[in-house]
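Working notes, beginning with the structure itself.
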Amino acid sequence: MSAEKACALVKELHRNQGTLPPYNNDLVNEVTKEITQLIQENRNDAQESERSRGSDLLEGVSYISTIRVRHAAIQRNLRCLLAYHYNRVRSLRTMRWEFGSILPADIKANLSTAETNWFSKYSSILAKYMRSVGEDGGVNLAVDLHPPKALYIEVQCLVDYGRYELSDGSVLLLKKNSRHFLPRVECEELIRQGVFQHIVI
Amino acid sequence: MYLENIKTDFYEFITGKRICLITHYDIDSICTCKILQSLLKHNQTLYTLDIVRGVSDLRKIFSENCNDVKYFVLINCGGTVDIVELLDPDDDIIFFILDSHRPTDLCNIYSNGQIRLMWNMEEDVQIPDFHDIFREQTSDADESENSQNESEDESEERAAKRRRLGEEEILKRRERRLWEANRAKLIFDYTQFTYYSKASALVMFDLAWKLNRDDKDLLWYAIVALTEQLIFGKIENTQYVLETGNLQAHTTRLQNRSSDTDDATSLKISFERDLKLVLYRHWSVEASLKYSMFTACKLKLWSLKGDKRLHELLADMGLPLAQSRQNFLSMDLQLRQEFSGSIERLSEKYGLTDIIYATFVMTYGYRNKYCACDVVYGMLTILESSPRSKRPEESFQLALDCLSRSHRIILNNAIDKGKGITKTLFKTVQSALEMKQIISAGPFIYYIVQEGCVDWFMFSHQHILALLAQFIIRAYVAMSRNRKASSLPLIVSANKDMESGMCIIMGIPPLCENSPKNFFGKAFDQAAEQINYNTTCDYFDTAYFDIPIKDRTRFLDALTALLS
């Protein structure tokens, strides 16, 4: 059955929703091969149909239905390939906003060369934009992905972290289950690491 | 040193600085903490929250934080101990103390700015005068100078001087001895009784009111703290009534000020006359009547006759037995509405006068109606009856969350467990009375929680033990034929946990005195000295004491000898 491999590609991406699986070069190549094969068969049939029509308009083998089926298969393959590549790039973009311009090594290993190129170009465009916004060197827009409701938040410490120095120099002792009230910018990093938990009233 | 104006001296002083909030592990401090947290959030003051259960915890937390933070706010801890001597802080560290334990330590009162007490001087009674307690050190210096001069002079002059100086010295020494005897007496009188005064949450709510940042939520926290003091017998009835008068004024003032858009479901606090039945809105009528301390003691419900009397009461009220065993909210509407009225009517016949008292009820949404004492029992369950694997900090956070309205589920679960606690208390008292385990030791009666009885580990916490003590003393006085029973104080003891081999001892004053002033602090100290047990009391409330189980009998003997 044609277009099965393309379906397998999409299913693989769907199975790994949160992370990025390795770029499945083999399967992509197989799908492209299948597309070319289908196109070739279509062309053959079309030529034959043209030849057999020849003089007699009514007589002649018509392969129009087969051609249509194959055409549908070709379009399906193309759509699956596009979906695969597009979704990978989308998740790569979210990762840029979450992790910053340096990706973790295990994700970097899963990218294809085209994707790495795309990522570096995207990072540079984003950095240029962030530099231009706001005064004094720009604003790091990736700090808050949701608009913050308050300047200071109450957080609860989940692990025994030890001493932590704030940006104004004062030192905090972070023990498990201690509560603190701190400026938002100081806590974001630790919340992302899982050390802090934001307490909502 | 007392602060004259909390608003400027405390609140505006702290603005912008980083503080460390140290709170004691009880319900009043949790309420105070919540009020203070909302005030500090408005002010954007950074704080760190820590919990202490005793003096050793306070020392540990202080030593961990003293290098980083300069301002400490102590809630319900540290007022009764000499902070400077205990913690040995640097000179630029400032302590703000808000403690409802009394009597306040004299060194804290007369400190020159390092320790600041956040209440009025008039509320502390009978503080000895400064000069009666502290004496300047110049007299010591004079004496040492004299002795030096003596050694330098020649013998004749020395002899002559010695004769002259001898008289002066003898007079000075005598005066000094008299002064010291007077000082010891004053200090003994001052620290003889330990008691509680105005709840810290009420002081904090006053501050919120002065800053115009009060609202119904903060008022509710203050109400819960006051009710807690009444339920655990920390204050007298008259004090309670006075404070409820104040809070009622606040309630009417804040009645129409609501931050919710929908008026039908917003928070409403009303001042009502309610029954002294534990959790009756969330339980069945029969269970609540049977297990509440007030009705159980008045009707003697642990005996068979008591059971019959209970059924008689229910029949008199017109409440069918099947209905009274159902959940209160599932009873017939008419019966529910008449319930409190019919109990009031029959209270005289069954000797249940004083079952009505004035308290506050909160409603929000369409279904939620909680009385202040329901919330107190819920929080007590969370704080003291959580599974042993849970750390105290986690229970504290959970109790903090339980007060806020968006975490209603926590409160409901806690109230469910609270029913279990009340039942256990009743059953323990019942077995104690039946097996005659409340033993009289002459000047007092005592009861030791047996290790095998159900849920014995629940009693290793302060407040549940206090509830048990109140229940036992009332039950004993109700059952005893001895005319002097009501003048005997009670001591209860329970094992702390299986491994440490320690037990907690607590004493409460006799019923006839009708006042919660507790003299056991000093008594425990002296008895411990006599049996050569050298640790001082770790709890901030000196009515509690920790000793090893093997020393317990000797301790009780020493106490008997002391008090007779």
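Any Cβ shown, glycine's included, is placed from N, Cα and C.
If you look up TrEMBL, you'll see A:38-133 marked as domain 'GINS subunit'. The domain 'DNA replication complex GINS protein PSF1 C-terminal' annotation in TrEMBL covers A:149-200.
Summarised by DSSP class, the composition of the domain 'DNA replication complex GINS protein PSF1 C-terminal' (A:149-200) is 10 helix, 22 strand, 20 coil. Sorting the domain 'GINS subunit' (A:38-133) by DSSP state (H, G, I as helix; E, B as strand; all else coil) yields 76 helix, 0 strand, 20 coil. Per-residue pLDDT, averaged across the domain 'GINS subunit' (A:38-133), gives 85.
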